[in-house]
Amino acid sequence: MSEILLFLVLGLGVGAVYAALTLGVVLTYQGTGLINFAAAAMAAVPMYVYEELRQGRLTLPVPWLPSFDVGHTPNWLAVATAVAVAGLLGAMTELAVSRPLRKAPPLAKVVAAVGILLTLQAVVGLKYGTVPLLRSVVLPQGVVELAGVNVAKDRLWLVGITVVLSVALALWFRKSRMGLAIQASAENERAAGFARLSPTSTGLVTWTLSSMFTALVLVLAGPATGTLSPSTMPLLVVPALAGALVARLSSLTVGLLGALALGVVQSVLQYFSQTRDWWPEWAKQGLTNVVPFLVIVVALFVLGRAIPTRGDDVRSSLPAVLVPRNRPHMVAAWSAVGLAALALTSGTYRFGVITSLAVSLIALSLVLLTGLLGQISLAQAAFAGVAGIVLSKLGDSVPFPLSLFIAASLASVAGVLVGIPALRIRGAQLAVVTLAAALTLQDFVLANPKLVSATANLIPDPALFGWNLSVRGGQEIARLPFGVMVLVIVVVASLCVGNLMRSGTGRTMLAIRSNERAAAAIGINVPRVKLAAFAASSFLAGLGGGLIGYSRGQLSADSFGVFVGLSFLAAAYLSGITSVSGAALAGVSASLGIVYVFMDRNLHLGSYYMLITGISLILTVLFNPIGLAGKTRSDYEKARARLAPRKSRTKPEARSAESSSSPALAKTPRQIGDVSLSARGITVRYGGVEAVSNVDIDVRAGEIVGLIGPNGAGKTSFVDALTGFTRSTGDVDLAGDRLDRRPAHERARRGLVRTWQAGELFEDLTVTDNVRVANETGNEALGMLRDAVRPTTPASAPVERALALMSLTDVADRKPSELPLGRQKAVGMARALAMEPQVLLLDEPAAGLDSTESLAFGEQLRRIAGTGVGCLLIDHDMHLVMSVCDRVYVIEFGKQIATGTPEAVRTDPLVLKSYLGSQSFETTEDADDAPVGKEEVGS
Amino acid sequence: MRTSNIAGGIALATLLAVSTACGSTDSGNKADSSGSQAKAPTIAGGKAADKTMDPVTIGFHNLEGGSISLADVRLGFEAGVNYINKQLGGVNGHPLKSINCKTDGTPEASVNCANQFVEQKAVLAVQGADFGADAMLPVLKSAGLAEFGNFPLTPGVNSAVGDAYFMQGSAQEGYAANLVQLQKLGASKAAVVLVDNPASHDTYKTVIEPAAAKLRLKAKVFYVPAQSDWTVQSATVLAWGPDAISTYVAADSLAAVPAFRAAGFSGYITAGANTEIIPQLDPSVLQKVLFSAPYYLPEFANPPARVKKDLDIFEAYTSNLPAKGSVTQRQTGFYTALMAGQLLRDLGAKNKSLTAQVVHSGLRTWKGEREPFRLNGWDCSTPTWPDTTACGAGNVYAAPGKDRVLEPLPDQPVDMSAVLP
């Protein structure tokens, strides 16, 4: 028992180290929205400065700056200097990297953090050497007896100091003016800006303060951090990230407690795993890295949707996807280029071409998952490694290419397993999960002696129908047949990915990348698409890993480690993560790829190679976020546009002339049918607040029903409840089909479709594609397979009808952001109509429209209803509501207070008192399309 | 097959120790001061290589420029090649030329080196220190090129029998000798602390556990992850109650040894070849801490006369190198160059021309009387430990004495015949 107590206390020391990093990560995220993957690498710098000062030298982290002999430095001064250096480093990082990226998408921030990590790792190696360094003891030494156990004094001091400093930091964060400003910025950066809270100030303060706080604790921690080494120190960030996720990236107090608990759990598990005979041998390997991953996974499942996405003022989205046209002559030309590169080279250069091709498959996996779907993954190298292991295990027992297919398929399974926890999160948080997964796969799978041999994991040479496809033979380093085989696989895979990008699957993925909520609202099964993408992407990575394995003749687990995964993401981003050509470029620049071989043979960058890579990454993120391929394509398009005859491209008008003449808009009499939507007892609670209370509603086919009420009455919550976007109780019945237990996308697919107050259009898609994607939902996994082979299908009739009905054919190829607000609303309507809904729920569709646009919209709404669609209209434009609606429901404070015809509602004393006042409105009786049919309105 | 998979967590750990130790410190060699050039012994005589003859090309790969950089191994190697060409007549008159290929510990960099060696028709691949070397083997093997070096740093090259040859004792011997030495000093319950990697797990099962059983020594393994808090690790180990501790944790010895002492452990601790930690630790901590080395290091007290002469040559040829640097690394490189030169001279004397195939097949029977810096001979026809690539044997154990000078223990090198499989 006393031993367990000892490990509890020692674990607190480890936890204090994690806490220092965790709180730094949380604070930086709150202040800037950047998850600092480089936190531990940054903290290493002041630690080195301190250790150098203890040796009588002031050595700053600038490679070409000499050290200064300063003689004996008092301990307090050495600590203060180190902390000051940390503050300076933090401030410089904010000014040079974080601030310019303040409005950048999460992927850019993740890549920038990776760039900072690689740069600092290189700087430390160049400046302070790569030899692990023993940490100096700063705090009082000796032992103290606690409950019969001797505990090191310095650990108790460390825990005490960390807790005190953390609590002080948390109080400052919660109570001080600056702390509140940071929280406000995190909640809504744009709103905070309106309140004169400068995000640049909060960014500078959080970077500086978090760097100084982390440095102070880690300098004081001394040996509790382990030895100081540029190769292992940066990985300390993983447990810190686990603590930060437990803290929901927002609570410093929970972060402190989570990190301390993590240290204790690791310490106790380490004790049990090493000293207890019953602990299984296979579970000893990589234990300390598995624990943080499990913590992250559990935290995501428990807190998943509760982890807030910072209210960033993100104005620049991911780089635009460059959709390949896959024209046969272009495919043939590029294949010929690849073939020529193989045929005209030999030896190391041809080996470089082959490696480039194989790595391009891993980059292609990132194009699919990250570029197209927006899911950031740092685990692609690990998936490739899984395929390598499988190939080496299969040996000669399974013939090529079946062995390669099986290996890639098992990598795909690993991808799906990692993707499952990722379903509950997105953005940079997903990068955290995949980083932890990569570390776990590296230590628990790729380095597990039960799976991997310590000496040789040979991969047999491929052969097909007796044809020798081995990479080498005698003095020949890289044989042409092997290169051609790799080229064929890469071309086929690239064609498939290109097909996916220009197909319904590509549009679906881009819709998710643009707006997951809106994607679910049009019936896209977002989790299934994500898992399918993880599967397809890791399959591609597995193919790449398998080909790398064949080219080496054995599995080298180090080729698939965590840092390799980071470098793959970096290379893919540098080259252009949203295009197939970017993937090819990433392969070219990969380690052992053709550029690497060329530089190795002709330039001698030596120790500066890693530094140049890191700095290039940061500069690319800052100045060329679309990557090399994107930039080249963009420049090419510009040049082409300059040379081509000028085409007039007028600014889209608020309403095209077509609207009045389109045959699709020919006036039709409206007929009201049976009840389509019946909702009973709908109740929505947010904590202790009942936003919607026991509301009933009916909407009939062809009927336009209004739902009105003052701001905060619960109208949008009611629509959210009906469509499955918020938790609620009550029955939702759509033409006899109970929907209340179904997820949002299924309700949409069954005909209960909504539009959004804020439009929520897919900014990455054109107007046509915004509408098409709504008509292409269902069978995502099978659809992906089909689209990979046969991508192009013409737009369906409902899509054409919807575009015509909403008068959008003249702007079909434009992006929504290029259109005026009224036409953007029309795109949202067309998207909903393309799903051929039974009932359409319209959430403030007239908001922001002028009176002319509002009148035109009313006309369109009547025509939509004329097609038999039941419409529930929520709007504050009472002229619109009263003129087009057949019946109106009124709610206040979540409760229904009136229902009836517009005339009846307009004269209802309760409604007049609570909402309408003395306004007068045109009613349906005056409208020119008063319904005819078997039921009277309002009966 | 399983026995052939004997690996080297120790290899990794020990060589990491050797290499990293030497990364930036002076290793206690006071000769490497600014005045050392004047005091360096002058080595006269010998015969220079004939520059008009075609050179014999070898490939040299070494960690340099990555997250672990051992440039001093290369510097020592170049000094050795220089000595061969200036005073040993090159390779039977032919100048010895090396393709210096820098690696960063990744398989990619090592494969790149192997490709270059094959492409540039090197006759031998020589390793300074390279953690990615295992990845080279398929390339070298396909081209019939042998891998050669001082110590097999990684498990693949340690077990590539017939394709790789290393002049020092195997990793396995190192582990086993450690137990033998500790038992000789009275230990009965030894904790073995290994880096947490597949090779270590394999090594414990196939080497350490059987050796301990033969010695009737109680042994238990403890695996430590990278970036550990050694207070936690030492408490874990000491909870088992050992009376001796073998550490194979590379440069982490620097943190491990004081942590064990701070936790109250006063028994013997072996710290491998990590002699660089000696000047950094308090003498009280260093008591009963044992170090081992395959040959005499400059910091050893009273080397034999013939070894002293070798050390003088080494000092003369490295005295022009920067004062700040690792003498141990340089000695490793120098030793490796001399052995490679010796191999090529021996085979060149028997063959008309030296090709990769000639060297590869010649290595299978190559043997000799005395290596530089020690008195042992070598024999590559039979591995000194079964299923390994070791041509040599013998580890000298020493403990820091007065002024931290290493005093060899009695009866060195350790006789490990009792634990041979």
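Yeah, the Cβs are placed from backbone N, Cα and C, and that goes for glycine too.
TrEMBL does not curate its annotations; it predicts them automatically.
The annotation compositional bias 'Low complexity' is assigned in TrEMBL to A:657-666.
Here the domain 'ABC transporter' (A:677-918) returns a mean pLDDT of 85 for the predicted model. Residues or ranges marked as domain 'ABC transporter' in TrEMBL: A:677-918.
Residues or ranges marked as region 'Disordered' in TrEMBL: A:639-670.
Here TrEMBL flags A:107-126 (among others) as transmembrane segment.
Sequence-remote contacts of a segment are chain residues at least 6 beyond its ends whose Cβ falls under 8 Å from one of its Cβ atoms, and for the transmembrane segment (A:156-173) they are 9, 12-13, 15-16, 19-20, 23, 27, 30, 139-140, 144, 179, 182-183, 209, 213, 216-217, 220-222, 224, 252-253, 256, 260. Marked as transmembrane segment by TrEMBL: A:156-173 (among others).
Positions annotated as transmembrane segment by TrEMBL: A:204-224 (among others). Nonlocal intrachain contacts for the transmembrane segment (A:204-224), taken as residues 6+ away from its ends with a CB within less than 8 angstroms of a stretch CB, comprise 13-14, 16-17, 19-21, 23-25, 27-28, 30-32, 36, 39, 42-43, 46-47, 50, 79, 82-87, 89-91, 93-95, 98-99, 134-139, 154-155, 157-158, 161-162, 165, 169, 178, 182.
Among residues of the same chain six or more beyond the transmembrane segment (A:236-265), those with a C-beta under 8 A of the stretch's C-beta atoms are 7-8, 11-19, 21-27, 29-30, 35-41, 43, 159, 162-163, 166-167, 169-170, 173, 186, 225, 289, 291-293, 295-296, 299-300, 303, 306-308, 310, 429, 432, 435-436, 439. Look at TrEMBL and you will find A:236-265 (among others) tagged as transmembrane segment.
The annotation transmembrane segment is assigned in TrEMBL to A:286-307 (among others).
Remote same-chain partners of the transmembrane segment (A:327-345), defined as residues 6 or more beyond its termini with a Cβ less than 8 Å from a stretch Cβ, comprise 352-354, 357, 480, 483-484, 487, 490-491, 495, 594. Summarising the annotation, TrEMBL assigns transmembrane segment to A:327-345 (among others).
If you look up TrEMBL, you'll see A:357-390 (among others) marked as transmembrane segment.
Sequence-distant contacts of the transmembrane segment (A:402-423) (same chain, six or more residues past either end, CB-CB distance under 8 Å): 296-297, 300-301, 375, 377, 379, 382-384, 386-388, 390-391, 394, 430, 433-434, 437, 441, 462, 527, 530-531, 533-543, 545-547, 550. Annotated transmembrane segment per TrEMBL: A:402-423 (among others), in sequence order.
Per TrEMBL, the feature transmembrane segment maps to A:430-447 (among others). Through the fold, the transmembrane segment (A:430-447) approaches residues 35, 37, 106, 110, 235, 238, 241-242, 244-245, 285-286, 289-290, 292-293, 296-297, 300, 375-379, 381-383, 385-386, 389, 414, 418, 421-422, 557, 560-562, 565 of its own chain, all at least 6 residues removed from its boundaries and within a Cβ separation under 8 Å.
Per TrEMBL, the feature transmembrane segment maps to A:531-550 (among others). Long-range Cβ contacts of the transmembrane segment (A:531-550) within its own chain (Cβ-Cβ under 8 Å, at least 6 residues beyond either end) map to 355, 357-362, 364-366, 368-369, 372-373, 375, 377, 380-381, 383-388, 391-392, 404, 407-416, 418-420, 422-423, 459, 461-462, 471, 482, 486, 489, 493, 497, 500, 509, 559-560, 780-781, 784.
The annotation transmembrane segment is assigned in TrEMBL to A:570-596 (among others).
Here TrEMBL flags A:608-628 (among others) as transmembrane segment. Using a Cβ-Cβ cut-off under 8 Å and counting only residues 6 or more beyond its ends in the same chain, the transmembrane segment (A:608-628) has close neighbours at 63, 96-97, 100-101, 104, 108, 111-112, 114-123, 125-126, 316, 319-320, 567, 570, 573-579, 582, 585, 599, 634.
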Close approaches to the transmembrane segment (A:107-126) from elsewhere in its chain (Cβ under 8 angstroms; 6 or more beyond its ends) | 33-38, 41-42, 44-45, 48, 61-63, 93, 97-98, 101, 230-231, 234, 318, 370, 374, 376, 427-428, 431, 566-567, 569-570, 573, 577, 607-608, 610-611, 613-615, 617-618, 621-622, 625
